[in-house]
Amino acid sequence: MDRAKFIFVTGGVLSSLGKGISSSSIATLLQHCNYQVSILKIDPYINIDPGTMSPLEHGEVFVTSDGAETDLDIGHYERFLNRNLTRLNNFTTGQIFSSVIENERKGEYLGKTIQIVPHVTDEIKRRIKSAAKGLDFLIVEVGGTVGDMEGMFYLEAIRQLKLELGNEKVINVHVTLIPYIQTTNELKTKPTQHSVQELRRLGVTPQIILARSPKPLDKELKNKIALSCDVEQDSVIVATDTKSIYACPILFLQEGILTPIARRFNLNKLHPKMAAWNTLVEKIIAPKHKVKIGFVGKYLSLKESYKSLIEALIHAGAHLDTQVNIEWLDSENFNEKTDLEGVDAILVPGGFGERGIEGKICAIQRARLEKLPFLGICLGMQLAIVEFCRNVLGLKGANSTEFNQRCEYPVVYLIGDFMDQNHQKQVRTYNSPLGGTMRLGEYECEIMPNSLLEKAYKKPSIKERHRHRYEINPKYRQEWENKGLKVVGFGSNHLIEAIELEDHPFFVGVQFHPEFTSRLQSPNPIILDFIKSALSKS
């Protein structure tokens, strides 16, 4: 931790300004200067983690290799940095409070009255310092907006850290909005000025202003922001909208963000090597080919519920010089006659609950019968089994016990027991608590030779991430296999991890979530081959 330098990223004016992408972009530039870099996300909500939140409330829950259910921004960090992060890279107010109360019960505070300062702020600082071990830079993204009461003690902890570490170890980057008033054709700086005033009132002074704007800022406006916010003129970085989030590091580099960073930290001029990155971004922005993927989901009112999967399709497309167009198909209102017109492949993602499953099953049947390339992920694979049992084996009552515990043919059922990542036996019932009780994180999968899965991964054993309570019932396996639906992947305890359909160009189901390990620089192999198959269809 001694050598680590800290870049704190806060947000002002309103939420969803792109602090996560901004943090990822800064980290990417520093990483490409051969520094050891990581990112930490602080979430101010009181939930322990987002695991039980509705996807429509929070967006995607991203699962790390060590089984943590985290904020979707952790997915951005991994995809930009091309490395695995852990549960140490995300914490919530719920976790902070829980730790402080647990310590109080153990008597670790020696009878003191427990207060926000110093006990809560000390726990925040401890976690930040712990995440910085072995690094040159730790970027810390503070969720929420300056002025929110939920974030007050985080800003206090940042203020204290700057005093403890010194100015030469800390930079505060404030992401803010420069709104454009169309009627007067003006860009307005007043919200930024007020946001910075509020931040400074709380004891945190920004050294860099990252101004989100729909239009470029002229020199006069940048100078105005610099003067009113008390930063150097070259420390006002304009972040206009880009055609791809992966173009943001290039934009920040062109805007000169590394100049104030190097100056503050007493570093020589920074020269990131971005040629390979630039090539991939160019293929995203101006690809040679196109495919259309029918994406059959039910959380379509907030597409960030599927963020990692959307990005994984983009990664595969970049490596194939292909624009992947998504045809969003609502599984609750699925029209089998018209919804799949013109699609080159069908994707059925993971999900929870009974709502919309019949539409997904209908789409899977179309993919099977019409030999459209198909990829089913988690619930998507489970429903492929249900569809096959109903329509090929004639088991009309086939279902998952997630939807009907008394179904006639429980071809998908609750994982009663399994070995977790620590080789501890876990036992689950239908009455088990929901939070943190799924099969979570990275597990090994043995692949059958001569399968599409082996062709994609090019090795007999892989590790992929999981997030599920239900599994395929092996009782019916022989019946499926006799009809051409083969099991091609096995996990611990012989859990069925992957299936493929014979005499079909590409019909694959996987229990794991391949999207969680896809990165711009290294797309996930099975998703890459899925897009290849769609390309051959188009």
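Cβ atoms are placed via backbone N, Cα and C, with glycine included.
Residues annotated as region 'Amidoligase domain' in Swiss-Prot, with sequence analysis given as evidence: 1-267.
The feature UTP binding site is assigned by Swiss-Prot to S15, K188, T189, K190, P191, T192, Q193, K224, with sequence analysis given as support. Here the Cβ of K188 (UTP binding site) has 15 other Cβ atoms within 10 Å, regardless of which shown protein chain they belong to. Secondary structure at K188 (UTP binding site), taken from DSSP and collapsed to helix, strand or coil, is coil.
Cβ neighbours within 10 Å of S15 (UTP binding site), excluding its own Cβ and spanning all shown chains: 11. Residues annotated as CTP binding site in Swiss-Prot, with sequence analysis given as evidence: S15, D148, M149, E150, K188, T189, K190, P191, T192, Q193, K224.
Residues annotated as ATP binding site in Swiss-Prot, with sequence analysis given as evidence: S16, L17, G18, K19, G20, I21, D73. K19 (ATP binding site) carries a helical DSSP state (H, G or I). A 10 Å cutoff on Cβ-Cβ distances gives K19 (ATP binding site) a total of 24 other Cβ atoms nearby, all chains included.
Look at E141 (Mg(2+) binding site): DSSP puts it in a strand. Annotation source Swiss-Prot lists Mg(2+) binding site at D73, E141, citing sequence analysis.
Per Swiss-Prot, the feature domain 'Glutamine amidotransferase type-1' maps to 292-538.
Taking a C-beta cut-off of under 8 Å and a sequence gap of six or more, L379 (L-glutamine binding site) has these contacts in its own chain: V348, P349, G350, G351, F352, I357, K360, H468. Positions annotated as L-glutamine binding site by Swiss-Prot: G351, L379, G380, M381, Q382, E402, R469.
Under 8 Å, Cβ to Cβ, and six or more positions away along its own chain, C378 (active site, nucleophile) finds P349, G350, G351, H466, R467, H468, V510, Q511, F512, H513. According to DSSP, C378 (active site, nucleophile) is assigned to coil rather than to any helix or strand. According to Swiss-Prot, the active site, nucleophile annotation covers C378, on the basis of sequence analysis.
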Please report the DSSP secondary structure of E402 (L-glutamine binding site), reduced to three states. coil
What's the CA to CA span in angstrom from K224 (UTP binding site) over to L17 (ATP binding site)? 21
Reported as an integer number of Å, what is the Cα distance between K190 (UTP binding site) and G380 (L-glutamine binding site)? 49
Measuring Cα to Cα, tell me the gap between Q193 (UTP binding site) and R469 (L-glutamine binding site) in whole angstrom. 49
Find the one among the binding-site residues D73, K188, P191 whose C-alpha lies closest to that of E141 (Mg(2+) binding site). D73
Quick check: which same-chain residues outside G351, L379, G380, M381, Q382, E402, R469 lie with their CB within 8 A of the centre of the L-glutamine site CB atoms? G350, F352, C378, L383, S400, V412, H468, Y470
Which of these binding-site residues is closest to P191 (UTP binding site) if you go by CA atoms: L17, K19, R469? L17
Between the Cα atoms of K19 (ATP binding site) and G380 (L-glutamine binding site), what distance do you get, rounded to the nearest Å? 32
